[in-house]
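J.: Pulled these features from Swiss-Prot for this protein:
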type	residues	note
ACT_SITE	Asp8	active site, proton acceptor
ACT_SITE	Asp129	active site, proton donor
Amino acid sequence: MEIIPAIDLLNGKCVRLNQGNYNEVTKFNSDPVKQAQIWESKGAKRLHLVDLDGAKTGEPINDLTIKEIKKSITIPIQLGGGIRSIDRAKELFDIGIDRIILGTIAIEKPELVKDLSKEYPKRVAVGIDAKEGMVATRGWLKQSKISSLDLAKQLNDLDLAAIISTDIATDGTLKGPNVQALREIAEISINPVIASGGIGSIADLISLADFADEGIEGIIVGRALYDGSIDLKEAILTLKNLLLQDAFNEKDKFLV
C-alpha cells in the first residue's frame with residue numbers, strides 16, 4: 001500500500017476544491033512544478049495529477065504545466081481529467097505519463113475504456129467518483145444513473161491498473177474517508193483499489209491500512225498534506241512500519 005500525494009491543476013496553479021465545488025477553490029502553490037519536486041523529495045513513489053480544467057471542459061488547458069512536471073521529477077505520474085478520446089490518451093502516454101485515469105468516458109463511452117485497457121494493459125485506471133452511491137461525471141458536475149458498485153462490477157473484465165474510488169461528499173473536507181464505501185468497492189472489484197477523499201490525519205491512513213489485504217493498494221492524499229495535517233515523510237514511514245508489523249504478526253501466527 002502506498003501513499004500518493006495529489007496535485008490538482010486549475011489555470012496552471014496547484015489548488016484544492018471542497019467536495020468538487022469549482023466555486024470553493026483554495027490555492028496552495030502557484031508553482032505546481034516545484035510542488036511536485038517537494039513531494040518527490042519527501043519520499044513519494046508516485047504522483048496523482050488532476051487537470052481540473054480538463055475535467056470540466058474536456059480541453060487540454062494545462063498541458064504545458066503537465067509536461068514541465070513530468071520533466072522535473074523521476075517518479076511515475078498518474079493523470080486524470082478530461083481524457084475522453086484514444087488520441088488524447090496516446091498524447092499523454094507519449095509524453096511519459098505512466099497511467100491515465102478515465103472517469104466520464106467510463107460512463108459515456110465504455111467501449112473506449114475497453115479498447116484502451118487492451119492496448120495499454122495495467123496503464124489505465126478508472127476513477128469512480130460517487131455522490132450518495134451514484135457515479136458523477138464531467139468534473140463531478142453531472143450525476144449519472146449508475147451506482148459505483150455496478151460500475152466496479154462492469155470493470156472486472158478489464159485489465160486495469162486500478163480503480164480510484166472517491167467519495168465526493170468527503171473530498172477536501174479532512175473529515176475522514178468513507179470506509180464502508182471503500183470496502184464495498186474492494187470486495188466486488190477484481191482490480192486493485194486506490195482510496196481517495198476525506199483523508200485528514202495519520203489515524204485515517206492507519207484505518208485504511210487494515211484493508212491492505214482486501215484489495216486497497218493505495219491512498220491519495222491532498223488537502224491534508226498542504227495544510228500540514230499530515231507530513232508526507234512521516235506518513236510514509238508510519239504506514240511502512242505498520243504494514244511490516246502486520247506481516248510479522250501474520251507470520252508469527254503460523255509459527256505458534
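Placed from the backbone N, Cα and C atoms, the Cβ positions cover glycine too.
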J.: By the DSSP assignment reduced to helix, strand and coil, which category contains Asp8 (active site, proton acceptor)?
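T.: It is in a strand.
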J.: Quick one: give me the count of other CB atoms within 10 A of the CB of the residue listed as 'active site, proton donor'.
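T.: For the residue listed as 'active site, proton donor', the 10 Å Cβ neighbour count is 25.
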